[in-house]
Amino acid sequence: MATGLSVLDHLYAQRPPGCDTEHFLRFALEILGIDYHIVTGSRDNLPQTGATLIVANHPLGCVEGVILAELLLQRRKDVKILANEFLKLVPELEPLFIGVDVFDGANAHKSNTRALRQANHHLEQGGALLVFPAGEVSQLVDSKALRLEDKEWSRSVSTLIKKNKALTVPIHIGGLNSKRFYLAGKVHPMLRTAMLGRELLNKKNRPISISIGEAIKFKEVNSLDNRQLVNYLRLNTYLLSKQQSQTPTAAPNPNAQSASLAHPEPVASALPLSELLNDIDQLPSQHHLLSSGEFDVYCTTMDHIPALMHEIGACENTTSVW
């Protein structure tokens, strides 16, 4: 199986002599034909000073690291990225990365503890840190809908935020790898990893969408425990993907509205409260994100809550106004 590494090595040899990190990032994106655009939010959502942790989903592999590195450096020059230690082998990228052992090698615990100390020190100094909390590329969880999902996010993110009272900015990256990549992952995770080089080469003329959320102040999450905090950040990140998929709708016709008010459609009858509560009781535990006072927050799909979706639809019909 061709890994694409020889092609990447050939492309790397074409880099301009003596280029620094920022010029190398631009060179890499251009020679690979990779383009990206911000579809939600803006660079202005990223604070220019102060301890800031940027969290992002990890759908593609190496691509998003290069894209976000360029994007973040345009906003502030003190950016560091917590990522695969092998990326530090590229001299032009070495100053940018704090390397972690993602393969659980013999010295992984020692190496990763050192990396977390470096990351914490960087935030202590008021720096900006980009983290992919999943630690590995997203998995295809719905082949029909082509829906990707990160594995459970590391709670180390929560520790970094709390120790430094850092602002947090969620970023969502859109995009998919090839079908072969996901099939390889079903055979063995290492086979999928071996294909990351090839995946870096097939993103030409496939613009990648970026959504940048608003900065989350520390006081908003201070009362959450580590699990709740990391789930809250994950939820905020994936909610940005919903904004990516939204398209503007035509303005309503006021005459049509008047007619509909004169002859309203019948509203579906309400379901028994027991059916609504049963939907919640039957939700898998991993769909529960956090509790705050008398409230519980869940993130789930429509097929898990049919009775609740029926009730939501009925409520919309009775409360919608222009």
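Note: Cβ is positioned from N, Cα and C throughout, glycine not excepted.
Annotation source TrEMBL lists domain 'Phospholipid/glycerol acyltransferase' at 52-176.
Residues annotated as region 'Disordered' in TrEMBL: 244-263.
If you look up TrEMBL, you'll see 244-260 marked as compositional bias 'Polar residues'.
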Secondary structure of the domain 'Phospholipid/glycerol acyltransferase' (52-176) by DSSP, residue by residue, totals 42 helix, 33 strand, 50 coil
Across the whole of the domain 'Phospholipid/glycerol acyltransferase' (52-176), what does the mean pLDDT come to? Round it, please.
92
